[in-house]
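Encoded as structure tokens, the structure appears first; notes follow it.
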């Protein structure tokens, strides 16, 4: 059944790609996955094995992110006005660039797969014995004299140098680990600035400058990494990160190396939950319901679902999907304004993310986003005028 499903999916992608790869229809609700990644999935990963599972999982995540980013960019282009020739040319450029980038990811994955397979041990392979009728018989074989090898001189055996042993056993440095962490975060949202560092107490923290240290929904964070607590901050991403003993940064446009690292070691779904743990807010559900009541820019259904989540009332899957569509729209709008931030859009995005968490039973995530809403919605402290 899995084989037929895979073949059908390939045929569907092939037909979609052949129909109009050159000029995709830039309609209001089109998923551009066939034009971005159609026919790119390598045959080497069509059948998942223990040797290629991690590579396939990471490549799938990479291609999904490229498709999501492309869809977001094209939604922004469509939202700017009617699709004239200039807009269509820009949209076509976005699609072509995304497909070229996806092809590079596939090639890099195949190189990694070849290296991984080449490193597999071969000393345990079974020996192959000749069959009863294979090879020449004893009568056809000429008897050869026995040749004895001269004993090897122990002095000729050169032990590995101490320098080579040190290089092979050298562990990853803190700077390399932080660079790997920053790259992991930046691959998920390459349009933002990122920073990671080790504090004096040994904790590793990560931050972006989108909204004073808040991490948007959908961004996976390793469980051994801490996020900044909700509070107002100013400055660039390094200033927002705060004092550290060592740090690493990323800015949009910086090259991202191909690294598997955290992307395949643990379940990415668990990342987002564990790292967002904050002190629980008393009466979270009803506070969220009150904050979403009659708020400008939020659909009425958000308040309805917030109340239903607070009361633990069953919610339809279609309602969750509609809520997430509103959340995605707000998130895309927020990222499109970066590095500027519309405070009203930011607060609405926080409420939508918190409502999505409480409506799906993920109170930890709801608690994280609503705590940030409370911190950023509070009026800034006023300084006393100096005399």
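These residue numbers are counts, starting from 1, taken along the chain as shown.
Any Cβ shown, glycine's included, is placed from N, Cα and C.
Given the structure is predicted, the values throughout are model-derived calculations rather than measurements.
Copied over from TrEMBL:
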- 118-175: region 'Disordered' (REGION)
- 148-162: compositional bias 'Low complexity' (COMPBIAS)
- 172-252: domain 'DUF5632' (DOMAIN)
- 281-376: domain 'DUF5631' (DOMAIN)
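Over the domain 'DUF5631' (281-376), the average per-residue pLDDT in this prediction is 94. Secondary structure of the domain 'DUF5631' (281-376) per DSSP, as helix, strand and coil residue counts: 72 helix, 0 strand, 24 coil.
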